[in-house]
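**Student:** Quick paste of what Swiss-Prot says about this protein:
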TOPO_DOM  1-15  topological domain 'Mitochondrial matrix'
TRANSMEM  16-34  transmembrane segment
TOPO_DOM  35-40  topological domain 'Mitochondrial intermembrane'
TRANSMEM  41-66  transmembrane segment
TOPO_DOM  67-72  topological domain 'Mitochondrial matrix'
TRANSMEM  73-105  transmembrane segment
TOPO_DOM  106-128  topological domain 'Mitochondrial intermembrane'
TRANSMEM  129-152  transmembrane segment
TRANSMEM  156-183  transmembrane segment
TOPO_DOM  184-190  topological domain 'Mitochondrial intermembrane'
TRANSMEM  191-223  transmembrane segment
TOPO_DOM  224-232  topological domain 'Mitochondrial matrix'
TRANSMEM  233-256  transmembrane segment
TOPO_DOM  257-261  topological domain 'Mitochondrial intermembrane'
Amino acid sequence: MAHQAHAYHMVDPSPWPITGATAALLVTSGLAAWFHFNSMILILMGLTLLLLTMYQWWRDIIRESTFQGHHTLPVQKSLRYGMILFITSEVFFFLGFFWAFYHSSLAPTPELGGLWPPTGITPLDPFEVPLLNTAVLLASGITVTWAHHSLMEGQRKEAIQSLFITVLLGLYFTALQATEYYESPFTIADGAYGSTFFVATGFHGLHVIIGSTFLIVCLVRQTQYHFTSNHHFGFEAAAWYWHFVDVVWLFLYVSIYWWGS
């Protein structure tokens, strides 16, 4: 029987990276097929494979960390660095969208009528649904911090309640955003304004859905006694991600909804 003389987790061979990559290929190809041919077969296949991969990969990580004890202090430190680098990469991802927006809006071309918003575009009122969305996300940032402090202080019941409220607020934000899209007077095909608006806010909406999923998994794990007051990196990573989503929304609201209108 082999014994390891170090504190690092030597991961077993896993099929989930390749199934996850295949799911990503199917989803992106499916999006193109949906836009151009109105066919949703590929995207549904991709989403199904993605959900199955997420479930089984999360199951394996929970088994390795919670039940087998592979997530030692050095491993947790490495995971923290990994999460920080991931969020940094996401910052630059959104930086590209803001660059596209400001490039188009600060010096509108003659094709846009020389003004911003372009001629023929009726922008959304920033003090209606977008302002409510801002309040909802800021409230969710408060409740996720409440959950984190409750967890660190061993207040299990309070942590579950506050995390549940955070998930509800995240789902409410998504519902409000979907309603706003449905009732929007312009589309993604309406030139530079439509494309920058829907791509930037749409990718943020996708991040809210991902963050909500992350928090739902943490909520289920919390009810199953997977977290302790000093060992809960899974929740910590979800909270960092949620705060990042909050901050991006504030920049989106000020730039695209308020200044851009």
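Glycine too: its Cβ is placed from the backbone N, Cα and C atoms.
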**Student:** Sort out for me which stretch, of 16-34, 73-105, 129-152, 156-183, 233-256, has the most Cβ pairs below 8 angstroms to the transmembrane segment (191-223).
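**Tutor:** When the Cβ pairs under 8 Å are tallied, 233-256 comes out ahead.
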**Student:** Counting Cβ pairs under 8 Å that sit 6 or more residues apart, are there three or more between the transmembrane segment (73-105) and the transmembrane segment (156-183)?
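**Tutor:** Judged by the Cβ rule, the two regions do not touch, with the required three close pairs absent.
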**Student:** Taking every residue in the topological domain 'Mitochondrial matrix' (67-72), what is their average pLDDT?
**Tutor:** 80
